[in-house]
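J.: Let me begin by handing over the structure; questions about it come next.
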Amino acid sequence: MDVTTTTSNTEEQANQQERDPESNSLHQPLLKRNRTLSSSPLALVGTKVSYIESLDYEINENDLFKHDWRTRSQAQVLQYVFLKWLLAFLVGLLTGIIATLINLAVENIAGYKLLAVVNYIERKRYMMGFLFMTGVNFILTLIATLLCVFFAPTAAGPGIPEIKAYLNGVDTPNMYGATTMFVKIIGSIGAVAAGLDLGKEGPLVHIGACIASLLGQGGPDNYRIRWKWIRYFNNDRDRRDIITCGASSGVCAAFRAPVGGVLFALEEVATWWRSALLWRTFFSTAVVVVVLRAFMEYCKSGECGLFGEGGLIMFDVSGVAVNYHVVDLIPVTVIGIIGGVLGSLYNYVLHKVLRLYNLINEKGKLAKILLSLSVSLFTSACLYGLPFLASCTPCNPSAVDSECPTTGRMGNFKKFNCPKGHYNDLATLLLTTNDDAVRNIFSTNTPSEYRVFSLVIFFILYCILGLFTFGIAVPSGLFLPIILMGSAYGRLLGMAMGSYTTIDQGLFAVLGAASLMAGSMRMTVSLCVIFLELTNNLLLLPITMLVLLISKSVGDCFNPSIYEIILDLKGLPFLEAHPEPWMRNITVGELADIKPPVVSLSGIEKVGRIVEVLRNTTHNAFAVVDYTLVPTVGQMSEVHGLVLRAHLLLVLKTKWFLQERRRTEEWEVREKFTWVDVAERWGTIEEVAVTKEEMEMYVDLHPLTNTTPYTVVETMSVAKALVQFRQVGLRHMLVLPKYHGPSVPPVVGILTRQDLRAGNILSAFPHLEKSHATKKGR
């Protein structure tokens with residue numbers, strides 16, 4: 001792990017974790033504070049407490065890599081590039097197919113359930129309808145919860161914070177396995193079809209990332225394809241690019257928004273970006289949208305059961321005239337301010353709810369199951385019972401184009417318990433799938449369809465459900481609950497404006513949803529394009545941009561985005577893009593001074609020394625220093641580079657030992673290893689067996705050492721070092737002395753991401769606490 005010491009407290013916590021892996025709580029920080037930069041290597045991944053490490057995004061320029069790079073032919077380079085594009089195509093294809101299957105299953109399961117409920121209501125068998133709906137939702141929630149609790153705890157939740165941390169350089173164990181993916185798929189179907197206030201958008205992002213990871217590594221861990229060219233992608237750097245394609249494909253599959261998916265990956269989840277990656281993510285999302293369109297055209301023929309034009313959120317207002325004047329900027333500004341305030345309030349309350357849920361979840365697996373089932377029962381009771389509070393509304397006889405009332409599972413004017421010629425507006429919003437609820441509340445040219453009372457009930461209910469549903473042990477997304485809450489107050493404001501505005505109430509609902517998403521998630525560009533692709537109307541672009549900018553600016557005044565809050569709760573060591581101002585008052589040399597002395601190895605080292613270092617430390621990299629005796633000067637040192645723990649384990653496992661202390665020839669190294677071998681990880685020191693005779697042998701570390709690690713001088717500010725560390729995607733940063741001499745150590749220290757996190761620095765330098773201002777979003 002990337003920690004510099006192993007304290008007794010950490011060992012005790014680790015031992016306790018082995019006894020009860022579900023015992024960690026969120027109300028206590030996972031990163032311990034003490035007079036050192038060490039911190040606990042524990043974090044919540046999904047709902048599972050896991051040991052975390054950093055990723056090796058840096059290119060390891062050792063002798064093997066240089067030789068491989070020199071000897072690659074043009075054909076091999078083209079083959080490598082072609083395989084990257086092929087993987088991007090397969091990621092898009094499989095994500096599109098799985099997204100279609102999820103929507104197909106949800107629409108049919110939820111659709112037939114609602115048809116049966118409506119049938120009971122038409123026959124005045126209200127109690128049977130309630131029991132049937134509650135029972136089906138209970139079973140679906142139970143299936144999703146059992147899968148997450150017993151088979152894949154990392155599948156619970158949206159998965160986006162963990163993906164964001166992974167692309168930032170934090171390894172999240174068991175996050176992208178085959179079991180996690182299948183549980184995510186089945187769990188999403190069960191949770192969404194059960195009518196819970198959550199969406200499948202976040203899980204689709206996670207599913208896309210799982211598909212990308214599995215393709216990149218050649219399949220599940222136990223059944224990997226070991227083809228030579230597949231193994232070229234078994235490194236953190238290429239895997240990061242493929243997972244970025246998967247995340248953008250997931251957003252595209254959720255909203256049918258290819259450009260929005262690319263921009264979501266760029267704005268929200270990806271830390272590192274380049275033009276080649278932009279093209280590949282765009283290619284993946286293009287494949288996704290083609291697959292979705294092909295399936296939807298096929299399903300229009302009625303071959304897909306109840307799945308037809310529905311199932312994917314799409315609000316086409318291209319035929320609606322959007323007229324607005326200068327006076328309309330006032331309600332648009334008000335929507336933006338409300339979205340910012342409510343979004344930050346939602347983040348604050350959800351933070352408290354998640355802490356409360358952690359206290360419940362730490363009681364054990366039974367507590368997690370009971371919590372999920374309790375939320376399911378409460379949700380079912382509200383969705384079925386609250387429409388009885390709304391009064392029936394007579395159908396508008398002049399609206400000849402609309403069917404009123406509707407008795408099926410879809411439609412804007414649901415009859416529910418009303419007499420002939422009347423409809424129940426609250427049942428139209430509640431007794432339906434979440435996707436259809438979005439379409440209904442976004443509907444245009446329906447100024448008198450909904451009553452204020454029904455919209456207020458709808459808004460309050462989804463505020464409560466949105467807070468208490470997220471955090472239970474099922475796959476869940478935040479997009480849809482926030483869209484439903486925002487659209488409710490947006491439509492209410494449109495009704496309040498009445499004749500004072502020319503903007504349709506349905507468009508006010510769209511603006512309300514956009515404002516609350518920006519106020520909670522703090523995204524602007526990607527959200528603007530996603531809503532543009534959802535509505536298919538360019539005329540909405542100016543006022544949508546204005547709403548998003550106002551909402552984000554207002555929300556930033558109160559607290560961070562919801563994903564940043566979740567990252568902090570889970571204890572994932574995410575590095576922010578902007579350093580704190582006080583970080584310019586500390587140098588990296590001061591950070592290195594409070595760390596234990598650097599553990600270094602000689603260029604030609606004894607096997608026994610290597611084994612001792614690996615057993616007694618948890619470092620993942622060691623400085624390689626060559627010492628030479630210079631007459632009249634004394635012993636001089638030269639930093640040869642940095643050798644990774646994985647490479648030392650590879651040497652020990654393959655028994656690449658020397659009988660005498662000497663430098664090896666280049667052919668000796670190439671005969672034993674390839675560049676692909678050193679790009680992979682090689683287990684732990686406990687898996688290595690070394691005899692007593694082998695302990696006295698030697699290893700030449702020069703061929704495996706990264707001779708060009710990123711280094712900084714000890715006088716550099718922490719702020720500047722943090723920017724370099726994050727932008728380059730480093731795992732280790734060598735701190736070198738400003739002055740060199742026989743009595744000066746060759747390496748001052750090695751910094752990792754834990755050392756550069758603001759909370760850890762403040763714990764090590766208490767005097768900075770006074771100048772530490774409350775963090776605000778930028």
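Every residue gets a Cβ built from N, Cα and C, even glycine.
Marked as compositional bias 'Polar residues' by TrEMBL: 1-16. Residues or ranges marked as domain 'CBS' by TrEMBL: 705-769. The feature region 'Disordered' is assigned by TrEMBL to 1-26. As annotated by TrEMBL, transmembrane segment applies to 85-106, 127-155, 175-196, 242-266, 272-292, 330-349, 452-485, 538-555.
What's the neighbourhood like for each of these?
T.: Residues 45-48, 50, 109, 113, 116-117, 120-121, 162, 172-175, 177, 179-180, 182-184, 186-191, 193-196, 206, 365, 368-369, 372-373, 375-377, 379-381, 383-385, 472-475 of the same chain sit 6 or more residues outside the transmembrane segment (127-155) yet have a Cβ under 8 Å from a Cβ within it.
Residues 45-46, 98, 101-102, 105-106, 109-110, 113, 133, 136-138, 140-141, 143-144, 147-148, 151-152, 154-156, 159, 162-163, 166, 203-204, 206-207, 209-214, 219-221, 243, 375-376, 379-380, 383, 433-434, 465, 469, 474-476 of the same chain lie 6 or more positions beyond the ends of the transmembrane segment (175-196) yet place their CB under 8 Å from a CB of it.
Here the transmembrane segment (272-292) has long-range neighbours at 57, 84-85, 88-89, 91-93, 95-97, 99-100, 167, 240-241, 244-246, 248-249, 251-253, 256, 258-259, 261-262, 265-266, 312, 727, 729, meaning same-chain residues at least 6 beyond its ends whose C-beta is under 8 angstroms from one of its own.
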J.: So which of 85-106, 242-266, 538-555 is most in touch with the transmembrane segment (330-349), counting Cβ pairs under 8 Å?
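T.: The listed stretch sharing the most Cβ pairs with the transmembrane segment (330-349) is 538-555.
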J.: Below 8 angstroms Cβ to Cβ, which residues of this chain, lying six or more residues outside the transmembrane segment (242-266), approach it?
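T.: Contacts with the transmembrane segment (242-266): 87-88, 91-92, 95-96, 98-99, 160, 163, 166-167, 176, 199-201, 204-213, 215-216, 233, 273, 277-278, 280-282, 284-289, 292, 312-314, 477, 479, 523, 525-527, 529-530, 532-534.
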J.: What parts of the chain pack near the transmembrane segment (538-555), using Cβ distances under 8 Å and only residues at least 6 beyond its ends?
T.: 317, 322, 324, 328-329, 332-333, 335-337, 339-341, 343-344, 347, 503, 507, 510-511, 514-516, 518-520, 522-524, 527-528, 531-532, 561, 777
